[in-house]
Amino acid sequence: MKREKQIVTIVGAGSTRTPALIGSLVNYKDRFPLKKLVLFDIDKSRIDAQKDYIRLVMEKHCPDVELFFTDDEDKAYIDTDYVFCQMRAGNFEMRNYDEKIPLKYGLVGQETCGPGGFAYGMRSIQPMIDMVKKIREYSKDAWILNYTNPAAIVAVALDKVFPNDKKILNICDQPYSMIKSFAKILEVDMYDIEPRYFGLNHFGWFTKLYQSSTGEDLIPKLKDYLTNHEFKPYNAEQRDPSWLETYKNVNKMMKHFPRYLPNTYLQYYFFPDEIAKKSNPEYTRADEAKAGREKEVLDICRQAREQNSLEGLPLLMGQVHGNMMVEVAESIAYDLKKVFVIMARNEDIIPNLPKDAMVECAGALTENGAEPYPYGEVETFYKGLLENQYAYEKLTVEACLESNYEKAIQALTLNRTIVNPNKAKSVLDDLMEVNSEYWILK
Ligand code: G6P
Ligand code: MN
């Protein structure tokens, strides 16, 4: 059957992840064919930096697709089918503060976990709400696929503000990336693996990895392997040192809690002191990513602009982020019912957790969106951790929507990377100062 062509809008298209996402769209052009691609960012200079490379790639590989760059939100969402949202409120400049300020207090400095994730969440919520409203003005039926971080907090906020909007899907690529790494270790095709998973975003566990072709659960084999071997990402050779360290910490977590396979992000909650101590307060992941991915992508784009051709330049490819985004959209667009780890309102997925939590679990993506698989009750240890973390997320959203300082202190005190309310206050006051353009608390 011929697949109908789609209109896609990328929000936050000035991200240096965009060229690789375009690479995925090119790679999947027969599976997810495009009619029009809109690249929208409020920061025109970031789009301009990458525009020529993107234009040349699209002219070469998808000449029939209409391409439109804009910094005008009133032009971005007209009759669109899919919005891929990857905005970063405050850009790298603010990510830098999110990571460095907590380290001053001996706390984890991370963009999505701990105080940094809190500050970033407070910045993301309002622009995301405004974006959904704008999209609904121009395209009431568009699918909004959100990857904006901290996705855990954004998901709770959007669900609270738009409880009846069935076409918002929050999804993270870390489980996808981990499955790709598991598949390499196990020497199987990643698309032959169907995961089972429970938790919250950046706070969850794999419980099963079914091999679809045989029905076998590969978790026991993988656990065996990880007891004796270092866990490495599938693309270890291209990864920066901090990410390799992160994957190694999965081995360490499994020594204490061998029951399930933890998401790498749990390292920040189990080993906050060790991680804060090891971090260099002058050089965090933001610096590493800037010196690595940002520089590499911007150099390629600059060359494309100067020579006005792609000669000698690679086609940047999104092995994880880009491929997953397009595969997710494809599964929804053509009702493929492929299984992903997704976020959904709990209701009864995990009956002994709050109904309004946005849990992360396995689910099939159909033309009606996510159909999450019921998980069942979680055991006491996990229940305790998850309730605590969800309380943190919920209070963060409430603090933001109500500008409520006290709730912010409560949230940060609940966060396992902080715990001490004195530290919560110190770090909050500092973060509030540098974020004054984005959020205030009273
Ligand atoms: C993973 C996470 C994302 C996060 C990204 C950070 O993919 O799932 O939520 O944004 O890592 O990557 P970076 O290279 O920018 O540190
Ligand atoms: Mn993520």
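Yeah, the Cβs are placed from backbone N, Cα and C, and that goes for glycine too.
Some features that TrEMBL has for this protein:
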ACT_SITE  Asp173  active site, proton donor
ACT_SITE  Tyr265  active site, proton acceptor
BINDING   Arg95, Asn149, Arg285  substrate binding site
BINDING   Cys172, His202  Mn(2+) binding site
SITE      Glu111  site 'Increases basicity of active site Tyr'
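Recorded features from TrEMBL, shown on the structure.
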{"residue": "Arg95", "record": "substrate binding site", "DSSP class": "helix"}
{"residue": "Glu111", "record": "site 'Increases basicity of active site Tyr'", "DSSP class": "coil"}
{"residue": "Asn149", "record": "substrate binding site", "DSSP class": "coil"}
{"residue": "Cys172", "record": "Mn(2+) binding site", "DSSP class": "coil"}
{"residue": "His202", "record": "Mn(2+) binding site", "DSSP class": "coil"}
{"residue": "Tyr265", "record": "active site, proton acceptor", "DSSP class": "helix"}
{"residue": "Arg285", "record": "substrate binding site", "DSSP class": "helix"}
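Same-chain residues with CB within 8 A of the center of the Arg95, Asn149, Arg285 CB atoms, the substrate site residues themselves not counted, are Arg88, Asp98, Glu99, Gln110, Glu111, Thr112, Gly116, Tyr120, Ala286, Ala289.
Around Arg95 (substrate binding site), taking its Cβ as the centre, 25 other Cβ atoms fall within 10 Å, counting all chains.
The recorded positions shown are Arg95, Glu111, His202, Tyr265, Arg285; of these, the one with its CA atom nearest the CA of Asp173 (active site, proton donor) is His202. The record assigns Arg95, Asn149, Arg285 to the substrate site; their largest pairwise CA distance measures 15 Å. You'll find the Cα of Arg95 (substrate binding site) roughly 18 Å from the Cα of Cys172 (Mn(2+) binding site). On a Cα basis, His202 (Mn(2+) binding site) lies 10 Å away from Asn149 (substrate binding site). Closest by Cα distance to Tyr265 (active site, proton acceptor), from the recorded positions Glu111, Cys172, His202, Arg285, is His202.
Of the candidate binding-site residues, Cys172, His202, Arg285, the one lying closest to Glu111 (site 'Increases basicity of active site Tyr') when CA atoms are compared is Arg285. Not a single one of the recorded positions among Arg95, Glu111, Tyr265, Arg285 has a C-beta coming within less than 6 Å of an atom of ligand 2. For Arg285 (substrate binding site), the Cβ neighbour count at a 10 Å cut-off comes to 21, with all displayed protein chains included. Proximity to ligand 1 at the level of Cβ atoms, with a cut-off under 6 angstroms, picks out none of the recorded positions Arg95, His202, Tyr265. Counted within 10 Å of its Cβ, the other Cβ atoms near His202 (Mn(2+) binding site) come to 25, all protein chains included. Its Cβ placed at the centre, Asn149 (substrate binding site) has 22 other Cβ atoms within 10 Å.
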